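The next block holds one structure in the form of structure tokens; read it before the comments.
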Amino acid sequence: MADEPLVLGIETSCDETGVGIVRGTTLLADAIASSVDEHARFGGVVPEVASRAHLEAMVPTIERALKEAGVSARDLDGIAVTAGPGLAGALLVGVSAAKAYAYALGKPLYGVNHLASHICVDQLEHGALPEPTMALLVSGGHSSLLLSSDITSDVRPMGATIDDAAGEAFDKIARVLNLGFPGGPVIDRYAKEGDPNAISFPRGLTGPRDPAYDFSFSGLKTAVARWIEAKRAAGEEVPVRDVSASFQEAVVDVLTRKAVRACKDEGVDHLMIGGGVAANSRLRSLAQERCEAAGIRLRVPRPKLCTDNGAMVAALGAEMVARGRPASSWDLSADSSLPVTDPHVPGHDHDHVHEVGDPAHHHDHVHEVGEGNLYS
Ligand code: KG4
Ligand code: ZN
């Protein structure tokens, strides 16, 4: 509808420069430039390389999105940008660009949370989010169960990983198997031809006394790496397809089991799955199976909207405008560790403004090159 807010969203928290344009919950454009190929040979995202690539891609990607949507920048009702969490330098490029465009065009600026955006994007696929919604957020930097009664103002953490994120585990196992980076998509592909029951890998934090909604993937990662090393040491061939399928099954079994349990315990009849790992085909099918059995409606966006993109930022920005949330102030800063409980960074609230690069707020969003070893 023409009276719904027209919002442009900018995403630069990691290695994708994403610019999306939405009108309310309708997707008009989703332009992406990725620097993933530049990081592949390092086996992880190199922050400075990502920042530089964002700088080069920013303006052309914004222009491509406007053209794709067939709208003029003058018609926008607001500009939204990922303020955090993510890589500080990479976020800064997006925040600076958003400020420049918003200021020059005289539009309100909305600094929003990357994680809440991963949830809100589903409105572009399946319409307004039910309230409350249980969300399983699984990406390269985060694995959480979140309960939200309003995605613009209330996101409550139910549980989170106590060590590695799910995507990080995929990336690390792919590295041990020499499958390249990022690991998720390629393990997903190999797993389709493997036997998920070939090897029995551990399911972290699933004992009777373990926390019900927290995750742990570090023990699984070590178990898989040791299993592979033992095969190699014995001079045997590593069955890449079976290892991929069995590892993937261990991850998605725990994720779906805990998500369904959280829905049941909280009496929530909808589960949303978002973040890059939500693109995983086995996670999608097992979640569907288990949700159906439990009478829960599952909502997962199409894979392209699960991995980082600008449309998700625009979707959350449009929701902010629609609900009359305050715009951010011009001193909005990038916050590499913006808490998941802050869906956006409202203006004139200086208590929440963190210094960019403040070591106290530094946080490992993705595996950075040279950051410890595989067993850490
Ligand atoms: O949300 P995202 O694009 O970036 C972050 O915010 O981290 O997630 C990236 C992560 C990577 O770890 C990647 O390996 C994983 O999502 N991923 C997948 C799949 N596609 C991407 N993991 C499993 N299966 C996939 N098909
Ligand atoms: Zn993400």
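Cβ atoms here come from the backbone N, Cα and C positions, even for glycine.
Bear in mind that the values here come from a model prediction, so they are computed numbers and not experimental data.
For the substrate site, TrEMBL lists L137, V138, S139, G140, G141, D171, G184, D188; matching the candidates N280, N309 against that entry yields N280. Cross-referencing D308, D331, D342 against the Fe cation binding annotation in TrEMBL, which names H114, H118, picks out D308. Looking only at the binding-site residues H114, H118, the densest Cβ neighbourhood within 10 Å occurs at H118.
Annotation note: H118 (Fe cation binding site) sits in a helical segment as assigned by DSSP. Candidate binding-site residues: G141, G184, D308. Those with a Cβ under 6 Å from ligand 2, in sequence order, are D308.
For the compositional bias 'Low complexity' (332-344), the DSSP counts in helix, strand and coil order read 0 helix, 1 strand, 12 coil. Close contacts with ligand 1, defined as a Cβ under 6 Å from any of its atoms, occur at S139, N280 among the binding-site residues L137, S139, N280. All chains included, 26 other C-beta atoms sit within 10 angstroms of the C-beta of L137 (substrate binding site).
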